[in-house]
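Database features (TrEMBL):
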type     : residues : note
TRANSMEM : 25-47    : transmembrane segment
TRANSMEM : 68-88    : transmembrane segment
TRANSMEM : 108-126  : transmembrane segment
TRANSMEM : 138-156  : transmembrane segment
TRANSMEM : 162-180  : transmembrane segment
TRANSMEM : 200-217  : transmembrane segment
TRANSMEM : 223-247  : transmembrane segment
Amino acid sequence: MTSVLEHLVSGYSKLVQWSDTRSRYFPFMGSPLPIITVLSVYFWYIFDYGPKVMKNAPAKDITNVMKTYNLLQIFFNFIGITWGVILWNDTKLLCTPITENILVFPHYMYFLLKAVDLIDTVFFVLRKRFDQITFLHVYHHVIMLVGSWVTCNYFPGGQLYFLGFINSFVHAVMYLYYYLSLVDPSYKKSIWWKKHLTQLQIAQHCTVFVTFLIPLLNPECSYPKWILMSYLPACALMIYLFTDFYVNAYVKKKPPKAVQ
């Protein structure tokens, strides 16, 4: 038993020591315990505590809260887009290695945005929209959060720049739609918006897949190949899930559910 504990402590210490010194001391970075805690509370709330509390309670009217939330999402994702434009000349699609002089904070800010995105699911629970807490929705939020934490904590910057830039643009558009649908309910009924937003999501993941594949096939690229290899199947699954949703919702003419 003592030996097992020693191995666990040793493994934990190594995980902390391996973290990048430039991001290690940011909140939620360094140790994996904070992110594990966040995800544990997230799963507990959306699958257990939240549904139990809301079972016999009326759906909450949080329209104004959601309006503010969506505007903040638009604002901070626009900052992410701005960072992407500023750093554009320092990146290459063929290979963007991790360098000592790269700015770490934009990557960290992107991680924080992915953590804030979990609130989307909390809103579903409070509004009793349990049917929208799908595997696609939860998987998308969790994989983006975990991926951004791992890369920011151990390998900030580099090839993942493209994912952050593209994803920030897509989310700015998405949250603009969510805000407009709250201001004007006619947007919520617009098949055109929902259909094209899903197309944008599919295009996003296809593009990101390519940005991972190119440096993986480039033998001269120093960006860690194992990161690229781990992201590719996750990205491929996202493409499949969003495409499957698109086919069922729009090609087969089934009533669509909003995807966040």
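Cβ coordinates are placed from backbone N, Cα and C, and glycine is handled just like the others.
Note: the stretches the transmembrane segment (68-88) and the transmembrane segment (223-247) are not in contact (fewer than 3 CB pairs below 8 A, sequence gap of 6 or more). Beyond its flanks by at least six residues, the transmembrane segment (138-156) meets 18-20, 22-24, 28-30, 35, 38-39, 42, 46, 98, 102, 104, 107-108, 110-111, 114-115, 117-118, 120-121, 164, 167, 223-224, 227, 231, 234, 237-238, 241 of its own chain at Cβ-Cβ distances under 8 Å. Same-chain neighbours of the transmembrane segment (223-247): 95-98, 135-136, 139-140, 143, 147, 150-151, 155, 158-160, 163, 195, 198-199, 201-202, 205-206, 208-209, 212-213, 215-216, 259, counting only residues six or more beyond its ends whose CB sits under 8 Å from a CB of the stretch.
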